[in-house]
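Asks: This is the structure, below, for whatever I ask next.
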Amino acid sequence: MVFKESANNQVIRNYTKVRASFVLIPLLIVVAVIVFLYWQGPTSYVSVQQEVFHLMNEQLSQFPSLEYNLTQLGDAFVALALLSVFLIYTPKIWEALLVASLVSLLFSKGLKSFFDVPRPVTFYGEESVNIVGETLVGYSSFPSGHSITIFTVLTVLMFAFIPQGRSSFFKVAYFLVLLFVGIVLATTRIGVGAHHPIDVLIGSILGYISGVIGIRSSVKYRLFGWVSSSKSYPFFMLLFLGSVVFMSVKIMQEYLVVFYFPLISLIVSLYLMIKFYVKKNQ
């Protein structure tokens, strides 16, 4: 429990250093793309990135199994299940994650509903797109929801674990490694034929913005401060138990290796939570 308090306090200290100004330039990029999309229309939006999409889709789809497994990490349920253990040791992360997830949901649903951007398969035709997994069609391509989730999670984690007492070079390397991981995961949406490149770019930026908003809110308002209390454990124990069942069903249906990691995380988290709760109430 001493480790838990120490780790959580360090996360809180790191989060207090995050400023609202961190989203200024990313926000300007998002606004610029939205203005272009609004005035030029979906057809022009898709056309300007046509060559880049086909090039990336062709190259990335050469690794179908890897791409399809990695792209699952952009599913909000899978991502949050994978991070379930942080609820026990660093609940401040979950405070930020919950707010950030709600903000990212608003960004994703709101923009998808407002802009009728055709999916790659809808625009180019199924014969012109390399598809991995489910064939996604329709007019909800902008922005990429999976990319938003990926960068929302990475942003919350990135600021939580900023290296302390290290050189600037070490910190820059830390940020670049996480950025690289985010790019690899987000671009799987192009590899599986689900999104255009700018969908992924804007989704990633919106994820970063959502993460910063979640962090700032967790420090200033503590909307989900109750998750830090052991009184919330019974609720999360039931939630994690249900999630274990749900994830087990997903594994039986799709049998993807990547699903085992959040399943293991949920089981370990459930065990630790029960252990801590029983010990505290003895």
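Cβ coordinates are placed from backbone N, Cα and C, and glycine is handled just like the others.
Annotation source TrEMBL lists domain 'Phosphatidic acid phosphatase type 2/haloperoxidase' at 96-215. Here TrEMBL flags 20-39, 70-89, 96-115, 144-162, 174-192, 198-215, 235-252, 258-278 as transmembrane segment.
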Asks: Tell me the residue counts in helix, strand and coil for the domain 'Phosphatidic acid phosphatase type 2/haloperoxidase' (96-215), as DSSP assigns them.
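Replies: The domain 'Phosphatidic acid phosphatase type 2/haloperoxidase' (96-215) comes out at 85 helix, 0 strand, 35 coil.
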Asks: Can you give the mean pLDDT for the domain 'Phosphatidic acid phosphatase type 2/haloperoxidase' (96-215), rounded to a whole number?
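Replies: So the average pLDDT across the domain 'Phosphatidic acid phosphatase type 2/haloperoxidase' (96-215) works out to 96.
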